[in-house]
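Listed in TrEMBL for this protein:
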- Asp152, His192, Asp200, Lys393, His398, Thr440, Asn482, Ala483, Arg517: substrate binding site (BINDING)
- Glu285: active site, proton donor (ACT_SITE)
- Glu481: active site, proton acceptor (ACT_SITE)
- 543-564: region 'Disordered' (REGION)
Amino acid sequence: MTFSSIQVFHSSRPPNAFLRATATSSSSSSNAQTFVASFGVSSRIWGSVGGNSCRLKCGTRFRTMAMVKDGGERTEDHPLIDDSMDTFNNSQIKDLPAKMRERDFAGTPYVPVFVMLPLGVINMDCELVDPEGLVDQLRILKSINVDGVMIDCWWGIVESHSPQVYNWSGYRRLFQIVRDLNLKLQVVMSFHECGGNVGDDVHIPLPGWVTEIGLSNPDIYFTDREGRRNAECLSWGIDKVRVLKGRTAVEVYFDYMRSYRVEFDDFFEDGIISEIEVGLGPCGELRYPSYPAKHGWRYPGIGEFQCYDKYLMKSLTEAAEVRGHSIWARGPDNAGSYNSTPHETGFFRDGGEYDSYYGRFFLNWYSQTLVDHADRVLALANLAFEGTYIAAKLSGIHWWYKTASHAAELTAGFYNPANRDGYAPIAAMLKKHEAALNFTCVELRTLDQHEDFPEALADPEGLVWQVLNSAWDVCIPVASENALPCHDREGYNKILENAKPLNDPDGRHLSAFTYLRLSPALMETHNFAEFGRFVKRMHGEEVSDLQVDPEKTHAEGMDDQVAP
């Protein structure tokens, strides 16, 4: 999956309008002991952990990740960002295309910026790799007022050898370094395999004792129509089935999260850990593994449904019987293959079977299974991390978005055809658990996709607009990250535009942004200078080299300011 560097594009059209499904979320009033017992988990109730919250305009109490910097705090100077930054910015402005015009974000809300740490910062023995080099890099990030870092806590490292035997040693040393530098932590509970996806430069499999179970029972993994297994993560069909040495999948996830909470209690109490992002599928994202490169998928293929393990097929059979149509206990037989296009298939083509009685039944079941999985895991995450903010990540599947069926989204579990808002049910579920939504691809521009892959009928801008508004409509915090490496001003400007929408009457904005990721390329002088400029604008600070249109500066200046 490749994309060219992002080019300049200013669209004069408003974002796409969508039919909105009315989503009503309900608060769970069940007793925690009864709830946990329904999953077979110990019903002990632990003391709460202190946490601050703020009241959004909708009246629901939620956290805000917009942090206020101490007025007297000074950050350490570093040779990489002193005179070279100003020199680079002053010279770069002369080279900018005349048609590029930038908004002035000075005085806009403070959006915290985090940076993902390298995938291999902790090795398979749970040891911190090159701590001295990491300290130097974190000091450089601190010097431009980056708020914190994001780190994956890999299930395949921590619980690698035996069930419920956890080794957190390398993470503790890492967290101590972050605390000493007065940075914050976003921590990901990574219950998936690392390796084989775009940007993966290390391989971290699932725990060895889990893969041993998979050798004798491969149905614990997601499976496609041809019977190919995907060991990247566990099938949601075993969420409540005791096939993991006497435990269900959700019990395994809960035990892991609770062990983490106990191990790092001091970091929670000190407020160093600002958020826990809970992995819910491949790449830590809430989706089916519908487009695996290991099975030959290439962009912009529509992908394949992943429901053919025996546990999910049993669930589908039960749903069909309840519906009164046992013949529907099957996956679509005309949905093409990984690299098909929608119009090549009987299921996804315009007027295809996706919109038939059977198609609607199947897609409802398939997407509801996704929502139910997140519902279970996030409920237990709230018990494990009581008082700490949790989040879930959604992938930005923007290709084939301008077709009626939205085929690539359907195979990934997002029931989002042109006549239905498939993200509203997910937002309502997140609202129920007071969880934030983290969404990707905010740096991508629709025109770039049309130029590079016109056949994909992609619309990342339309997708971002839809997903962000589905979340904001139910008043949950929305954070974001870039989908691909970004070092250019055009990409950063697009992120800023999405982070702080122009003329939003409610002043809505992202709660945080996480940059993908710390790397030698980011640390190159020109790239780092551009990133430092971006951080200042995300924080609502003034930059000296703003490229503006003199004729519009006065007219747009007032509109660009969003009230804090």
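Each residue, glycine too, has its Cβ placed from N, Cα and C.
Mapped onto this structure are the features recorded in TrEMBL.
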{"residue": "Asp152", "record": "substrate binding site", "CB count, 10 Å": "23"}
{"residue": "Glu285", "record": "active site, proton donor", "CB count, 10 Å": "22"}
{"residue": "His398", "record": "substrate binding site", "CB count, 10 Å": "26"}
{"residue": "Glu481", "record": "active site, proton acceptor", "CB count, 10 Å": "22"}
{"residue": "Asn482", "record": "substrate binding site", "CB count, 10 Å": "23"}
{"residue": "Arg517", "record": "substrate binding site", "CB count, 10 Å": "18"}
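Asp152 (substrate binding site) and Glu285 (active site, proton donor) have their C-alpha atoms 13 Å apart, to the nearest angstrom. Arg517 (substrate binding site) sits 10 Å from Glu481 (active site, proton acceptor), taking the CA atoms of both as reference points.
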